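Notes to accompany the following structure.
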Amino acid sequence: MRGLLLAGALALPASVFAHPAHQSYGLNRRTVDLNAFRLKSLAKYVNATETVIEAPSSFAPFKPQSYVEVATQHVKMIAPDATFRVVDDHYVGDNGVAHVHFRQTANGLDIDNADFNVNVGKDGKVFSYGNSFYTGQIPSSAALTKRDFSDPVTALKGTTNTLQLPITVDSASSESTEEKESYVFKGVSGTVSDPKAKLVYFVKDDGTLALAWRVETDIDSNWLLTYIDAKSGEEIHGVVDYVAEADYQVYAWGINDPTEGERTVIKDPWDSVASEFTWISDGSTNYTTSRGNNGIAQSNPSGGSSYLNNYRPSSSSLSFKYPYSVSSSPPSSYIDASIIQLFYTANIYHDLLYTLGFTEKAGNFEYNTNGQGGLGNDYVILNAQDGSGTNNANFATPPDGQPGRMRMYVWTESTPYRDGSFEAGIVIHEYTHGLSNRLTGGPANSNCLNALESGGMGEGWSDFMATAIRLKPGDKRSTDYTMGEWASNRAGGIRQYPYSTSLSTNPLTYTSVNSLNAVHAIGTVWASMLYEVLWNLIDKHGKNDAPKPTLRDGVPTDGKYLAMKLVMDGMALQPCNPNFVQARDAILDADTALTGGENQCEIWTAFAKRGLGAGAKYSSRNRVGSTEVPSGVC
């Protein structure tokens, strides 16, 4: 927002800020531009066509754990001199592809931005992989032995001073944890939880390896991992931000905002497979309010970090019906309806994503995973009418096992003001940040959409999912859609162009990214490409307008849900911090894994139309476009 790195924020064009929004917390109070500290994209992706590695015959078909051995042997073959560890978040997706993630180590410490992901097919062979391992010289362990580096408190103070964090560290002290060179800080004020520090290595922009402290500070509007040089205690090498800006009377699923329909009363809307405890239980406690296994929704007028004791409506009869009118004012007068709408939209999206493969083992957001894999205790904290800002929204995605946090704001660009919780596309956009961050790089690593281009694609995936869900029964490929039109009170929405298959209406192509340096603008290009994929698949397979897909052998039978499924499967295949070309290849690979490549022509044609054809080349400053479709594909 305003040029600051607020990953997951919805964002607006500059013109929307003619009347600046009030900001009360976090980085919005400062002038430090965190974009300067974004991590660089280091990974390469070897797609399924390029991967011709045979797994040992004894592993085909693989047993429940043998895919880890296949992946490990592959890493040893590609990087024979590297030391590494297996990240404990591997799983087999519902398309039959296993995902295993590795972290490179040096002298017993993690190289925090050196990752390797291996995707193993159902036949027990390596399907594709991504690699950002460091290949340069590993430094001597002498610095560690002699402890020739700054102490963690110095690192915390250096981080706070350089980034101008609104926290007080004068009385900070550090306590060691059970992990090697890992500390938690006490005596710090202004943070949601005690800051942490861990000694790691970090691959710098110039390709060299630096010893660094990874300092974690959650200050509500920003949840930061700061890599500060362990010797100087001042130079910052990179920053990751986890924040990416019964009977229910609601706008039903598929109604994007109040201009598209009326509120209705919906009874027991949960999916009993995706939400086996319903939406208002966590398996041990049954609630009579907007709290359950998938989310907890409440009012947050102060904009603070506390939520458990915040106000939420309660009904002993489980009748969550509260008045709302678009002409009502102030927004606090309809807070009950706002909380229930937010709770409904987030929960029903959870259930849809579960059906499409975002399950417990894939790192979804649930308090109780009920023995289905993954880590629990991480429902989504859903703050309605959050007082920490206006005219926006954001989502914080920490690693699996820690709650996601969505902040929905009031929009002040109309009279009366409008509440973002009543525009489903905004809620879906924010929740999708949690989806894309958990799937890319694995559930245990939330650092994999932090480069400029990958962060842009994060915004694009969020817009795409919101738009796909918004489609109406009578829509055709000539139908255009905007983002945030109702909440912002802007006829053209909050993006540069509407999403359209017309190059006249929306002329964005791959090379448009060369002139862009903001994630939301880059995301509009990516989502425009995915909108082309969506309609090519709908033209081939038809469109299911029901709130859930029909699956045949795990494959959606229609084009809309198939496109959403392939996009999600591609997230799990692609490397950490991918670029457009790699993400395109991952979607093509997802189709190969799911359908045997039945839709390669439609996918290639869609990407080629907007310049991401077979000859497209990535460069951070001079991307080369291509409208070429590979021969023999169509």
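Every residue, even glycine, has its Cβ placed from backbone N, Cα and C.
If you check Swiss-Prot, you get these features:
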type	residues	note
CARBOHYD	N47	N-linked glycosylation site
BINDING	E245, H429, H433, E459	Zn(2+) binding site
CARBOHYD	N286	N-linked glycosylation site
BINDING	N364, L375, D378, D400	Ca(2+) 1 binding site
ACT_SITE	E430	active site
DISULFID	C448-C576	disulfide bond
SITE	R470	site 'Important for proper folding of the protein and catalytic activity'
DISULFID	C601-C634	disulfide bond
Neighbouring C-beta atoms (10 Å sphere around the C-beta of C576 (disulfide bond)): 28
Between the residue listed as 'active site' and N47 (N-linked glycosylation site), the C-alpha gap once rounded to whole angstrom: 29
Entry from the recorded positions list L375, C634 having the most other CB atoms no farther than 10 A: L375
Euclidean distance between Cα atoms of H429 (Zn(2+) binding site) and C576 (disulfide bond), Å: 21
Largest tally of Cβ atoms lying within 10 Å of a Cβ, found at which of the disulfide-bonded residues C448, C601: C448
Three-class DSSP secondary structure - N286 (N-linked glycosylation site): strand
Candidate recorded positions H429, C448, C634, pick with smallest Cα gap to L375 (Ca(2+) 1 binding site): C448
Rounded to the nearest Å - Cα separation of D378 (Ca(2+) 1 binding site) and E459 (Zn(2+) binding site): 22
For N286 (N-linked glycosylation site), nearby residues of its own chain (Cβ under 8 Å, 6 or more apart in sequence): I280
Neighbouring C-beta atoms (10 Å sphere around the C-beta of E430 (active site)): 32
Residue among the binding-site residues D378, D400, E459 whose Cβ has the most other Cβ atoms within 10 Å: E459
